[in-house]
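Feature annotations, reproduced from TrEMBL:
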type	residues	note
ACT_SITE	24	active site, nucleophile
ACT_SITE	26	active site, proton donor
BINDING	24, 26, 245	Mg(2+) binding site
BINDING	220	substrate binding site
């Protein structure tokens, strides 16, 4: 059973036990463009106590550099090398794990942030934000010439998803058995300040259904994201805690990596999912209302 945190002593014990703090962003530090109350105070507190602070997000719509701009605009201290997104992890996976040949290209269903991270890794790509693919015109195979150099399809959250993108991605995967099917993450929903929207997992669902094939997922809860972090940061898993709002991504990610986990109830997961007869089998180590609760240590 998860330990409920409520007293100053509870939070003081947490501060003492963990040297490295990994934070999800959406639903933990902010909702849309609105900060969670107290988030900046708590991050400053952790830095004051010489804790390592890292940000781990499945949102692939922004590159790390653009995420840094969002942190800046919200008044949150963050450095590019502290930010790990599924767009970055996907690019690293393609270049370092798949070792995709330089003469191959990736067909992208996704947004500019995903393309920027591919560019940083020197990975050629088509699709994505290309105006030719961002159209509501009818798609016709007769009028389309596939690019024979496409060696992978990478699908992330795409708020301009359309039939043309799905059709091209589907055909690259259908016609070429060697074409890799990758998704940045499998989040079913995406939290905004106004409520939930379909997430990256929902965007890729038509392809999975049409192909009868499951993709390789890069983001949380998969180990690929943690491998990216380990490659850049030394930390002791036993003194590291993952703070998130989602059981099937953040908490499972932490557990799979041998980290402790803190669930905050300021985002996706609701109280009914962790208590009662319909509770999830995924159990965090600790639960609190929001990250702002740790301000009890400041007073």
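Glycine residues also receive a Cβ, built from the backbone N, Cα and C atoms like all the rest.
Remember, TrEMBL labels are computer predictions, not curated facts.
When the alpha carbons of residue 245 (Mg(2+) binding site) and the residue listed as 'active site, proton donor' are compared, the span between them is 8 angstrom.
Put simply, residue 26 (active site, proton donor) is 13 Å from residue 220 (substrate binding site) when counted between their Cα atoms. Within the set of recorded positions (24, 26, 245), the lowest number of other Cβ atoms found within 10 Å of a Cβ is recorded at 26. Take the mean position of the Cβ atoms of 24, 26, 245, the recorded Mg(2+) site; other residues of that chain with a Cβ within 8 Å of it are 25, 27, 28, 29, 57, 191, 244, 246, 250, 264, 267, 268.
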